[in-house]
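As annotated by Swiss-Prot, phosphoserine applies to S13, S45, S99, with the evidence given as similarity to another entry.
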Amino acid sequence: MAPPVPGAVSGGSGEVDELFDVKNAFYIGSYQQCINEAQRVKLSSPEREVERDVFLYRAYLAQRKYGVVLDEIKPSSAPELQAVRMFAEYLASENQRDSIVLELDREMSRSVDVTNTTFLLMAASIYFHDQNPDAALRTLHQGDGLECMAMTIQILLKLDRLDLARKELKKMQDQDEDATLTQLATAWVNLAVGGEKLQEAYYIFQELADKCSPTLLLLNGQAACHSAQGRWETAEGVLQEALDKDSGHPETLINLIVLSQHLGKPPEVTNRYLSQLKDAHRAHPFIKEYQAKENDFDRLAMQYAPSA
């Protein structure tokens, strides 16, 4: 039986969240819908308007439209928006990343406003992109919102700490079991657990796709469930659907590279996906690691090359 899809209430209080559609679209990876909803919604207070703008600009970041964020968020903007701008600067300026991280380190060493959840999320995102998951986790542990917990779970799963991820998920479920983020985090953990939990994870991704929209995030989640169950051809069909939506989406291309190997596709098929990934995301960690492995192989091959 599929899990329930969350309703538009916040924190189990029964209070309707004016920004539910904006947040929900962002969480499932429907970034253009998030932007459209944010521009349409009428809000009851300036605080809610800042919160709306945070999700609006984060959606632009997810679309790699860094210039929009850098142009529109001014020095006089709210602290939450300044945090989004900081992440935009990091993503947009590869040659300035070290100095941005140093400045962030200085800021973190001072007294941080832990009620500014957006700052904690953006700081953790910078640390994680900078290959410093420990600093990202330390930052997130200062917050107690669902987004901080969900990001903590993502990082713990990447570190193969399923035990800690399950504990964090329990905290999310205690806070709001039916929230979209809790449902997604449950699917991620179930995917890592494997076995009979794979079908439960698939149901969550499928239910959210049916109810909301079959986004790239949800389609890749479904494909991961199929792959983990050995249903490679079914996974390929789902990933092709994702590729039709965005031919340069990194997770889709990486999953297709792995899938092609399992299906015994000709080398040129795998190389084509790899070339697409390089064209769209030359600095992606997968590409960097792949090229490092290629260089290692070339060095080893040279050692065993016959001497003239």
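Indices start at 1 and increase along the chain as displayed.
Every residue gets a Cβ built from N, Cα and C, even glycine.
Taking the modified residues S45, S99 in turn, the residue surrounded by the fewest other Cβ atoms inside 10 Å of its Cβ turns out to be S45. On the backbone, the CA of S45 (phosphoserine) and the CA of S99 (phosphoserine) stand 36 Å apart.
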